[in-house]
Amino acid sequence: MTKVFEAADATNLMTELRRSFDSGVTRGTEWRVSQLKKLLIICDNHEPEIVAALHHDLAKPELESSVYEVALLRNSINLALKQLKVWMAPDKAKTSLTTFPASAEIVSEPLGIVLVISAWNYPFLLSIDPVIGAISAGNAVVLKPSELAPASSSLLAKLMEQYLDPSAVRVVEGAVTETTLLLEQKWDKIFYTGSSKIGRIIMTAAAKHLTPVVLELGGKSPVVVDSNTNLKVTAKRIIAGKWGCNNGQACISPDYILTTKDYAPKLIDAMKHELETFYGKNAMESKDMSRIVNSNHFDRLSKMLEEKEVSDKIVCGGQKDRENLKIAPTILLDVPLDSLMMSEEIFGPLLPILTVKDLEDSFDVIRSRPKPLAAYLFTQNEKLKERFAMTISAGGIVVNDIAVHLALPTLPFGGVGESGMGSYHGKFSFDAFSHKKAVLYKSFMGDSAIRYAPYSRGKLRLLKALVNTNILEVFKVLLGLS
Ligand SMILES: NC(=O)c1ccc[n+]([C@@H]2O[C@H](COP(=O)([O-])OP(=O)(O)OC[C@H]3O[C@@H](n4cnc5c(N)ncnc54)[C@H](O)[C@@H]3O)[C@@H](O)[C@H]2O)c1
């Protein structure tokens, strides 16, 4: 029987990790590299177990597990290993006349002990990716995986315990009770992935200790489809980004489509056709699609689908099988804006299409709602692309594809407004777990009396000119011309 995690365990954990962090072990490049290499071994040697755990928790197809979880993690680790020395090196900063003579730099210093709380939908990626950032930046870290993906959570705990330095990297499994105990501790940063509702609980707990947070939340990510598009590719990419990414249970999954009244029937036909090509005549039987994570989420989605004035808007799919936690890829047309489906994040295989008179009206629809984690546009119109990218606020924007920005470590990944705060991936992960410390080195040379009392009008004028880097004024004051 696994031991219950109690309040004393949480405080002991903090004491042990604080001792390790204070000893300086996690700050060394060697430690960081060794831990990152261990994470790589987990990916390289345990992929079949990871794929099996994901199949157990979500019936996730092997391709999605191997590529969107393990391969992406391998990429992150290799990038960190390759770039670590560059990331860790202090950045030279320019100095000014005010501080002359001096040199300055920005030192990336580890924050201390950080807590990573992750979600169930991509349990390996969303757990290990932030941990890569935390370790790269030289922190001690506690990971709390989601209890809703139990096989993945216990495999993560087992593997991380087996390979990583237990004095500075730990996994605590559990649900609300365990997370609440962890949240009572004083962390140096909390990195949370999950819903906005729980995000508020995390931020409230963090505020008590003035702990900074990264909140990787979700939201309703819209897809705008222009009639001037490559319809076949558009349909395929929307399907791959929706049902082909954990069956719509992904934070950057298309939540709803906006298109014109005239174009909607063409888009629906193309999507129906491609859905059949992807998943066959009976998509419920396809092995190439994850199932719904559990019966609570199944019921939540069913409720959305069965709502009055929604159920009669289904134009494709709609079949459900509670026993096997399956819902067919379902497309709906013009569901009411005040329906559950349009008020809450869907996070599942339902995809409503809203029609607008002019495509530009879709911009107003998006702007009238909370800022999403991602916003997508399909078009061949260059002006429209630019207008979308420049005027729509979202965590990230992709033109003519879905979700692929997540795979580019040169781009920050994170939300804005209701979809979250802070970002990570690549160097952004390192920065998310570092304090950018300002360091200024001065010598005893050039000790000018102008900032020392007794003050005078001349000192005042000279100091003002120096602070404003006004060389001409400096000379004027020195020559007594001002
Ligand atoms: N931005 C991203 O990268 C990202 C990625 C995946 C999912 N998400 C978002 O996450 C949401 C889905 O995840 P979820 O919230 O259902 O995941 P979840 O239920 O797994 O919860 C996330 C974490 O919060 C913890 N938790 C739950 N209730 C808590 C409480 N009362 N107090 C403290 N901790 C608690 C859970 O134990 C878990 O570790 C969606 O909104 C989705 O868009 C965002």
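Even glycines carry a Cβ here, placed using N, Cα and C.
Automatic, uncurated: that is what TrEMBL annotation is.
The feature domain 'Aldehyde dehydrogenase' is assigned by TrEMBL to 20-439.
DSSP assigns Glu216 (active site) to a strand segment in the three-state reduction. Under the heading active site, TrEMBL lists Glu216 (among others).
As annotated by TrEMBL, active site applies to Cys251 (among others). For Cys251 (active site), other Cβ atoms within 10 Å of its Cβ number 30. Annotation note: Cys251 (active site) sits in a coil segment as assigned by DSSP.
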Cys251 (active site) and Glu216 (active site), Cα-Cα, nearest whole angstrom: 9
Local Cβ density at Glu216 (active site) - other Cβ atoms counted within 10 Å: 27
